[in-house]
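A.B. asks: For 9-125, the entry in TrEMBL reads domain 'Gfo/Idh/MocA-like oxidoreductase N-terminal'. Here TrEMBL flags 16, 17, 18, 19, 44, 45, 46, 77, 78, 79, 80, 98 as NADP(+) binding site. Taken from TrEMBL, the feature domain 'Biliverdin reductase catalytic' applies to 133-243. Feature annotation from TrEMBL assigns Zn(2+) binding site to 280, 281, 292, 293.
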């Protein structure tokens, strides 16, 4: 991306919540990747008119406009699949916040559609661009895991909008898979109190070498957003992550990756490995959901 862009890709941002607002900010700031992109407008179900001089456009106009070549899907998770399908069918490249879909079959179908259309379909995973993850990756490399656990706590989240906890929490699952390789499900339970609302999902996984890993998502009123981890290796233990600095510009780093894909700068091998990891995580999330639901 050191070269001057021969042309710019016209971009529309769908959904202007936290992620969409950050995406719009990054698109308008002078960064190397932003030089290849031109923010044309945003799509929202709310009537907003304009935001900081950026015009709202209808979904129909975004789909039909020849000026729009790229869609950033930043809406709630339950709407991702439909938006991705519409924009791919309209011949647009797509960047989507995770999770791409709330089922494995839908993700596989959309990837096939992207390949048929010759378009980039990119699922954002900013959690892999965090300083904490970079620290962990260095810490675990070459070590034999004996057992591990990852607990995430936060406030309540609406399942209707963001999916079953295994999907809304897929970034934690992505950490575990990226650190320890493909995992298999041993068991899973879901405790819920709708009146609070409170939920606790406890998942028992194992690595290919049969080392146990537990993943817990706990969400309810008054719970602060925190991550607690404990990994035990033959050579010692790692209890939580020290303060390793501020996670700067993680959405921008993700945009850089997306632009590299648009410019054909990712190898087929890299793209295949990323796709395999994403589909593996989505498949695991679906398996966890089915396991929990079958025990209700």
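We number each residue from 1, going along the chain as drawn.
Glycine too: its Cβ is placed from the backbone N, Cα and C atoms.
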A.B. asks: Which residue, of the binding-site residues 80, 280, has its CB surrounded by the fewest other CB atoms within 10 A?
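C.D. replies: Counting other Cβ atoms within 10 Å of each of the binding-site residues 80, 280 gives the minimum at 280.
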A.B. asks: Measuring Cα to Cα, how far is residue 292 (Zn(2+) binding site) from residue 78 (NADP(+) binding site) in Å?
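C.D. replies: A Cα-Cα distance of 19 Å.
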A.B. asks: Measuring Cα to Cα, how many angstrom lie between residue 293 (Zn(2+) binding site) and residue 78 (NADP(+) binding site)?
C.D. replies: 18
A.B. asks: Just give the helix, strand and coil counts over the domain 'Gfo/Idh/MocA-like oxidoreductase N-terminal' (9-125), going by DSSP.
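C.D. replies: Counting residues per DSSP class in the domain 'Gfo/Idh/MocA-like oxidoreductase N-terminal' (9-125), I get 47 helix, 29 strand, 41 coil.
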A.B. asks: Could you count the residues of the domain 'Biliverdin reductase catalytic' (133-243) that DSSP puts in helix, in strand and in coil?
C.D. replies: 27 helix, 49 strand, 35 coil
A.B. asks: Tell me, if you would, which residue among 16, 281, 292, 293 (binding-site residues) has the fewest other CB atoms within 10 Å in the structure shown?
C.D. replies: 293
